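Trainee: This is the structure I want to talk about, given as structure tokens.
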Amino acid sequence: MIPVDEALDRLFALVAPTETEMVPLAQSSGRVLVREVQARRDQPPFAASAMDGYAVPGGEVRPGARFAVIGEAAAGRRFDGTVGPGQAVRIFTGAPVPEGADRVVIQEDVTAEGTTITLGGNLDEGSNIRPAGGDFRIGDRISAPRRLRPQDVALAAAMNHPVLPVARRPVVALISNGDELVMPGETPGPDQIVASNTFGIKALLEAEGATVRILPAARDTAASLRLAFSLAASADLMVTIGGASVGDHDLVGRVAGELGMERAFYKVAMRPGKPLMAGRISGVPMIGLPGNPVSAMVCGHVFLRPVIRAMLGLGAGPLAPSQMRLATDVAANGPRLHYMRAEVTDQGLRPFASQDSALLSVLARADAFVIRPVDAPAASEGDTVPCLLLS
Ligand SMILES: Nc1nc2c(c(=O)[nH]1)N[C@H]1C(S)=C(S)[C@@H](COP(=O)(O)OP(=O)(O)OC[C@H]3O[C@@H](n4cnc5c(N)ncnc54)[C@H](O)[C@@H]3O)O[C@H]1N2
Ligand code: MOO
């Protein structure tokens, strides 16, 4: 058994970042930007009105002052002339401010009669003008690597980038195995169960940015598993579920070995998830998850998510833990790092009474994994402990 940190390091050593591809801006949300992009223009490209009102020479603004309105400036259609003394231009939000004007008086502070305006007695202080380049200037950057959020996409659009360089989504082949498994919606036999991990792990991988291919579930025979591995050979990463332990029908390690797997490790000092394995088969990284549903999902959060992030060029590191108070006492921990399923309450983290690694209903109610380090002493209500928040 190796510690969790070391297992993660060995996983990072197995994988490499995918290559870069260009995607249309409209499809870039959630993708990982791999090279910084620079603004191709200033924003705003001209001094722009921030309000609907009248552009005037600022020095003449005082309560009761009168101006002759000589034209109009709208967003997308500037006023070409110059504003002289005693003159104003009707202006709307986003319009270029005409030459000669350096203040916009909002229309609520003005009385208009024909082509004359009179300023009210209670004028606001600001110029109501956004300076050219006030948002960003040519050459300003969106740094990389970063996962593009909607606000990043909006900024890249304003910087005039129709396509963006992003990391290709890693393709993950998912191999479930076990004679007991049927797919959701099928009619299970008396000794069968419905495959669940397969879909939970697929969802988890896709949420991180991978493309997932679910291969037909392998039977508990070496031939069936060999076939599944051969179908997975073109993927960037193979992930098996189940068959990782020591039983007579747990064939993943044996078949992978026969196929020449260079093993990176087998068994991690964690709970749940101990029988995790990893290596490389014919050059393709392989991660073998334990079959117990909660074990597979915990390993998904602790290992698969950081691995996909590394493949997307986001760097090699664990998920960042949060620190929260315990709402209840917890017992001392043993020799395996424990990820306790817990809910987040107003009083803090409350681990569930049952931590059995088969209970998906408990996992689905969990908001967090409380992280109990190897040999951690008992902790009390109110103590601050590390945890992984689940979204
Ligand atoms: N003698 C020992 N027995 C076990 C040990 C051990 O150290 N010594 N470890 C236990 C631990 S810990 C775990 S975790 C499990 C892992 O076993 P496997 O990876 O070999 O998983 P399976 O035996 O194939 O399945 C376990 C359990 O999970 C169900 N399963 C499997 N795949 C799926 C799926 N895709 N969807 C839903 N459920 C699935 C399967 O039916 C079993 O109930 O081993 C312990 N045993
Ligand atoms: O490690 Mo197993 O994953 O405890 O159930």
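Residue numbers in this text run from 1 along the chain shown.
Here the Cβ of each residue, glycine as well, is placed from N, Cα and C on the backbone.
In TrEMBL, annotation is done automatically, which means it is predicted and not curated.
What TrEMBL records for 173-310 is domain 'MoaB/Mog'.
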Trainee: Across the domain 'MoaB/Mog' (173-310), what does the mean pLDDT come to, as a whole number?
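Mentor: Mean pLDDT across the domain 'MoaB/Mog' (173-310) comes out at 95.
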Trainee: DSSP helix, strand and coil counts for the domain 'MoaB/Mog' (173-310)?
Mentor: 47 helix, 38 strand, 53 coil
